[in-house]
Each structure stands twice: as structure tokens, then as C-alpha cells.
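So the structure is just underneath, and the comments pick up after that.
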């Protein structure tokens, strides 16, 4: 049988390894802070991480997205109604009737799109943009902590992609940045 001192030392080592592993995981994630400044409720959705939730005016939702996530999207849904099991529908941005989206929303929807660097190391870059290619349903601004803020208050906004072959609106920021999405900026 191990002595209490040996058991205590082994436990300390296990806890140190666990803490280091958790800290490394958090360091390689980007935090997305999503705020509703609209005078109405918005149901933001995010894929492939996040799902969806309800945000009343002035509320904020925060999600952590792992480094290396590609083809990520955040959008606002409007005119939604869900039952206690999370099934329902939205007038805009609906994702197969689910509160927690695993699929992209149906047009019309204003999109914040992103691809995060692999490990967030020195010199790596994240890429982000706004898109009105699938229509426009709610004003939005999208920014990263080391880049510029993109804002779209109407379908014809100059900061958003307007058609599928539009390749001039992509922005970049340092890997391991954090992001802010604001509805009705």
C-alpha cells in the first residue's frame, strides 16, 4: 500500500497535468462574444460550434471556438418560436426547425463567416468576413481583437460580400484572436 505522502504527490502530479492540458485547450480557442442591440429578440446561431440560443435586447452569448475551425458561421434568426424540446421555426435564418443549429440557416440571413488558424501561433492568421450573398435579415457588425470592424446595416452594405464570386471583402487578423458579433450595431 502506498504511503499517504506518495498518494498525495501522485495526486498533485495528476492535477498539474490536467490543469496544464485544460489551459492549453483554452489558449487555442477563440472566444466569440455575441450581443443583441436590436429592440427585439434575436436567436443567434453558430456552426460548427455553438448551436443557438435566444437573446433578448441587451443580452450577450459567449462561445469558445477551437483553433483550426474552418468554415464557421454566426447569424441571427428572427421571428422564432420554439417548444420546450428546442423544436420550432424562425421567419428568417431557420435551421431545420432547431433551436441549436447543426446546419446552416435558410435565406435570407446576414452571415459572419470565419476560419481560425491551426494553433494560433506566431505568424498564423485567422480570416473573417460578412456576407449578404444569402440575403439580409438583421444588421450586424463583426470584428476580431486584432483587426478591423466590418458593419452591415442593410443588404447593399459595402463591408459584405454581395454575390458568390465577390472575393474582395475577406479580412484577416492574428491567430488566436477573439471576436465580437453585434446585432443592430
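Positions of Cβ are set from backbone N, Cα and C atoms, glycine also.
TrEMBL does not curate its annotations; it predicts them automatically.
Here the structure is a predicted model, which means the values were calculated and not measured.
According to TrEMBL, the feature signal peptide maps to 1-29. Sequence annotations record features per position, and here TrEMBL assigns disulfide bond to 80-90, 95-101, 157-173.
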Residue 95 (disulfide bond) has how many other Cβ neighbours within 10 Å of its own Cβ?
23
Counting across all protein chains, other CB atoms within 10 angstroms of the CB of residue 90 (disulfide bond) number 26
Cβ neighbours of residue 173 (disulfide bond) where a neighbour is any other Cβ within 10 Å
21
Cα-Cα separation of residue 157 (disulfide bond) and residue 90 (disulfide bond), in Å?
24
Disulfide-bonded residues (80, 101, 157), the one with most neighbouring Cβ atoms at 10 Å:
101
Sorry to bug you, but what's the C-alpha spacing from residue 101 (disulfide bond) to residue 80 (disulfide bond), rounded to the closest Å?
13
Cα-Cα, whole number of Å: residue 90 (disulfide bond) versus residue 101 (disulfide bond)?
12
How big is the Cα-to-Cα gap, in Å, between residue 173 (disulfide bond) and residue 95 (disulfide bond)?
29
